[in-house]
Amino acid sequence: MEARVSEPKLILVFSGKRKSGKDYVTDLIQNRLGSDVCGVLRLSGPLKQQYAQEHGLDLDQLMGSGLYKEQYRADMILWGEIRRQQDPGFFCRLATRGVVSDARRLSDLQWFWSEFPRQTQSVRVQSSDETRQQRGWSFSAGVDDAESECGLDSRVEFDWIITNETNAPSLEEQLRPILKLAEEAVSLTAMDQ
Ligand SMILES: Nc1ncnc2c1ncn2[C@@H]1O[C@H](COP(=O)(O)OP(=O)(O)OP(=O)(O)O)[C@@H](O)[C@H]1O
Ligand SMILES: C[C@@](O)(CCOP(=O)(O)O)CC(=O)O
């Protein structure tokens with residue numbers, strides 16, 4: 001998937017609401033393909049790094065899935081929006097190889113479609129509110145009803161939709177065609193070298 005000298009062969013751009021399982025699913029893909037050929041990139045990585053530095057916060061906890069980051073989420077969203085208004089590609093540019101785990105806005109996806117039209121595949125991870133609650137989610141006004149969570153709810157036809165629920169087909173089964181595409185991309189990359 002990662003083209004070391006040329007362009008990436010495939011960019012899977014994942015989106016999904018809080019606690020839908022974006023990190024879980026993208027980690028699974030990376031484990032299957034190997035981290036030497038598949039990088040998982042979080043648009044929120046550089047955002048959190050810069051935000052932590054400016055505010056004297058713990059980056060590891062902001063990158064994790066616990067309560068710490070939720071205390072700062074609303075302010076991080078605003079802070080990130082101001083940066084994106086100045087430059088919509090600011091965070092996307094840093095994520096140009098492999099699997100992107102957290103597109104949240106149409107502008108994120110549009111950037112990948114315009115820069116990598118042939119390689120970009122959009123993937124939505126979906127879970128019911130009940131399941132997300134079991135994973136620690138609870139509705140927070142100003143976050144769950146705003147663009148960061150809802151920006152991709154209705155305006156996009158995703159290439160793939162993954163249902164991350166215990167009563168859905170296994171992730172292994174649902175991810176099979178995506179992994180097949182990724183394995184083909186890895187072979188193409190190997191042929192380039
Ligand atoms: N299929 C699954 N089986 C078991 N645990 C899961 C599954 N999917 C997600 N989880 C667990 O649910 C929690 C939330 O998942 P994850 O962090 O991947 O969600 P996310 O969409 O990345 O959330 P956020 O937007 O808050 O970063 C994690 O503890 C994760 O391990
Ligand atoms: C501030 C923000 O990047 C936080 C994302 O955190 P996470 O992907 O839920 O771990 C969300 C956003 O950019 O709107």
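First residue shown is number 1, and so on along the chain.
Cβ coordinates are placed from backbone N, Cα and C, and glycine is handled just like the others.
From a predicted model like this one, the values you see are computed outputs, not experimental measurements.
Features of the protein shown, as given by TrEMBL:
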BINDING   LYS17, ARG18, LYS19, SER20, GLY21, LYS22, ASP23, ARG135, GLN174  ATP binding site
BINDING   ASN164  substrate binding site
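Projection of TrEMBL feature records onto the structure.
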residue	record	contacts (Cβ under 8 Å, 6+ apart)
LYS17	ATP binding site	SER127, ARG132, TRP137, ASP144, GLU149
LYS19	ATP binding site	SER65, SER127, THR131, ARG132, ARG135, GLY136, TRP137
GLY21	ATP binding site	VAL125, SER127, ARG135, ASN164
ASP23	ATP binding site	SER65, SER101
GLN174	ATP binding site	ILE162, THR163, ALA168
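Listed in sequence order, the binding-site residues among LYS17, LYS19, GLN174 whose CB lies under 6 angstroms from an atom of ligand 1 come out as LYS19.
DSSP assigns LYS17 (ATP binding site) to coil, not to a helix or a strand. The ATP site in the record is lined by LYS17, ARG18, LYS19, SER20, GLY21, LYS22, ASP23, ARG135, GLN174, and its two most distant CA atoms lie 21 Å apart.
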